[in-house]
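Would you mind keeping the following structure in view while I ask a few things?
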């Protein structure tokens, strides 16, 4: 009886899967009929897609998916226009140079605009993965952006000025406001990013020195299964240390991919002898099969000041039925006896404000009353949850009188849509000059041939190199298991987080001595 039931369920599943595939194909063909222009330079056959998925040996992880964001297919269609800004002629900031006070010019464009993804259906890869952990799936390079996940992590540092500002303030509540703004700003660059970053190879590293922003950062891929990336950043004036590790736990729900970025962020303000810890919100990419891809972040983020006991509890709101809560963030800073000191509100895609708690609660009460009146005047028939992209509120963030602006997003450059929707900060992450090349270790992801090829517009070469690197990593792992040799991380070691006591990856030191020997040959 059970076998018959199982066969019946499998048959139903097959019929549904075929119907969904037909729908996806028809949707894709309809979309294509609206788009003029030639197909991209490289088209990977469906058989190759299936090979990639069914290869259980594949160690390539979809770890970047928690930061895979998308908004509009039209954006990527526009990429056929060769609107490429001229490359900055000025010399790139070499990480190998001695630290100087001069702000260096960074590039404002990539060497080549992004490829159109219109001739590819992500459904042809993901349809075999419903309900699976997405840690062993190889994705075609066309769905990537020319950055490693280690570089994508570095985008946390785009708004470092908020940390410097926190250090300069005397009030603990004001410092917490700036730290909360930094935690929200760290996820802002994810909006509209349609490409998935390249998964780092085991032992891959990345460094960034930004004299103009006052920090230097090092990251390393410390584990491959599960994929864990560790990073350590410090202020050039010894005013702060920011470190953590990220293990993105992914789930595919059929229409969406949900990523829970496990791992603790730790920020130490050295001048005040204070440490703050928090975890990042959950990220969800909707409409994986048909329709416009769109992203939301949701869940609670609790920031703790381990010296004073103050906490900031932020709620990243899920979209909700009619999109009213889309991108909204709100919460309170409270002292150790849970007395509310300050209210925070805004959108993670735009801005964050602080206001007196009583004023905020009065506004919320009034807003709720107005919403109920509107609701009663309208007869709402459909209450089913939809995956469709909600329309953003026309008024965006309403500024409550008496509010103080803590953070506002930097507008993206005009050529961003043709450059994978990169911010100005992201545009400079993979730049490389000869002087830098002679100083950085050979494991730095600026030297990865597949990412470099994709950045230069050589999609076929990028695909070949990605395949070669995966195979090389697989072979190295097999050789280690034969000789019973364990992988040793170079710049980080496992240990308890000094403030939370949970397992963490801690910086071992000595990276900036530039004494690199016995490094693994991973490229």
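Cβ from N, Cα, C; glycine included.
Just so you know, TrEMBL annotations never went through curation; they're auto-generated.
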Which one of these stretches, 6-33, 34-61, shows up in TrEMBL as coiled coil?
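So the range that TrEMBL calls coiled coil is 6-33.
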What range among 367-394, 395-422, 423-450 does TrEMBL describe as region 'Disordered'?
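When 367-394, 395-422, 423-450 are checked in TrEMBL, region 'Disordered' belongs to 367-394.
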If I go by TrEMBL, the feature coiled coil sits on one of 312-346, 452-486. Which?
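In TrEMBL, residues 452-486 carry the label coiled coil.
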